[in-house]
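Enquirer: Here it is: the structure, laid out below.
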Amino acid sequence: MAEKRKASDTDEIETAEAKRPKLETKDLKLTRPGFSEERYEETSYYIENGLRKVYPYFFTFTTFTKGRWVGEKILDVFSREFRAHPPEEYQRSIEAGTLQVNNEKVPIDYKLKHNDLLANTVHRHEVPVTSQPIQIVHIDKDILVVNKPASIPVHPCGRYRHNTMIFILAKEFNLKNLRTIHRLDRLTSGLLLFGRTAEKARQMEQQIRNRQVQKEYVCCVEGHFPDGVIECNEPIEVVSYKIGVCKVSPKGKDCKTTFQKISQIGDYSIVQCKPLTGRMHQIRVHLQYLGYPIVNDPLYNHEVFGPLKGRGGDLGGKTADQLIKDLISIHNAENWLGTDDGPAIPLERADDTKSASTSVASLENVDKEKFPTATASAQTGYEAPDCSFDPAKVTTDPHCLECKINYRDPSAADLVMYLHAWKYKGIGWDYTTELPSWATMDESNL
């Protein structure tokens, strides 16, 4: 890594201006689903070690006081509700005036009032994602269908903003104001549909809500999955919306998934999955319940769910509250990126844009003319920017804790989960992606 640039007097003036909170919370609601050009230009990308990285940048988070916060001290609220930083960091921000109320500096014991606007300016460091190209499956004036690489979130969330599909497609390929029709988990790869017009997005969303869209996924699970069609009808309950975790529970909503083994690879099985409902983490939770978790699922293939990892709904006697507490602890320790011990199956390379040859007769060949694998820049005619590293773009903040930490780059095992959205079919349309290489291997590749 090149030496970080030292801030000059001019930089300090520019930094102070960048740190000034912009009270645009209401404006953002008016301009959805897109973002202002100013937001797109906050920072840029560079490619390093097969990873897409974001230069650190200053960003102001804004939110209005929630009813349950009224009367509480600002430090207590941030320490409890926003776990991205330790309480000491929020205290420093309040005392320094980078965490403000109604655009003004407040004392550390300030108690929040109704309609207070909280603005916290931070030097933001995003998590790297794969540099594997985004492939366009279909594009016209109404819809965009892409093959999403694993590791990239669909839209801004948590520590991801510019390293998301919405921002990458807008910034690098000029595909802006896209409307999300459905979502995929960050580590899941495969078909992702965006509406380019509000009317088309509503039409497609309606088909999904009415269960008129047939979805097929492919995954790799632990163990010898049974032959034949296996159906799981267990209801799924959200354990915590805040941390995004679900479990099988009688209190949950109705849910149905069918599974069928495609092939056996040593101690692993390649399985076709057809979710007939659309619950959060449905495939992952049902596979966990059946006792065949996805090989490298960093969440549902984890002993935090008990010695049996949630098989048969057995959580080792944990209550919901205890499970949430333990999940938060695991999240803070591992960041759910995975550990250094990867599975035995070879991982798909970041530059691998072709599937390995398959010996599995059940997997049908994709029509290359109907579903070209050209990258987004090639099919949109929008020239991709230079993503080589530029040390002049590196900014630092003497008060930023993350500037002082040397994070390891995520490994290949951190960037992928063996779950792929393969086929979607609705009324008058159907789309298919190529299969990832891990889904087309046989025992000779082990």
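Note: Cβ is positioned from N, Cα and C throughout, glycine not excepted.
Straight from TrEMBL, here's the annotation block:
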{"type": "ACT_SITE", "residues": "Asp185", "note": "active site"}
{"type": "DOMAIN", "residues": "142-288", "note": "domain 'Pseudouridine synthase RsuA/RluA-like'"}
{"type": "REGION", "residues": "1-24", "note": "region 'Disordered'"}
Enquirer: With every protein chain in view, what's the tally of Cβ atoms within 10 Å of the Cβ of the residue listed as 'active site', excluding that atom itself?
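Expert: Looking across every protein chain shown, the total is 19.
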Enquirer: Using DSSP, how many residues in the domain 'Pseudouridine synthase RsuA/RluA-like' (142-288) fall into helix, strand and coil?
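Expert: Helix, strand and coil residues of the domain 'Pseudouridine synthase RsuA/RluA-like' (142-288) number 28 helix, 57 strand, 62 coil.
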Enquirer: Within the domain 'Pseudouridine synthase RsuA/RluA-like' (142-288), what mean pLDDT does the predicted structure show?
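Expert: Its mean pLDDT is 95.
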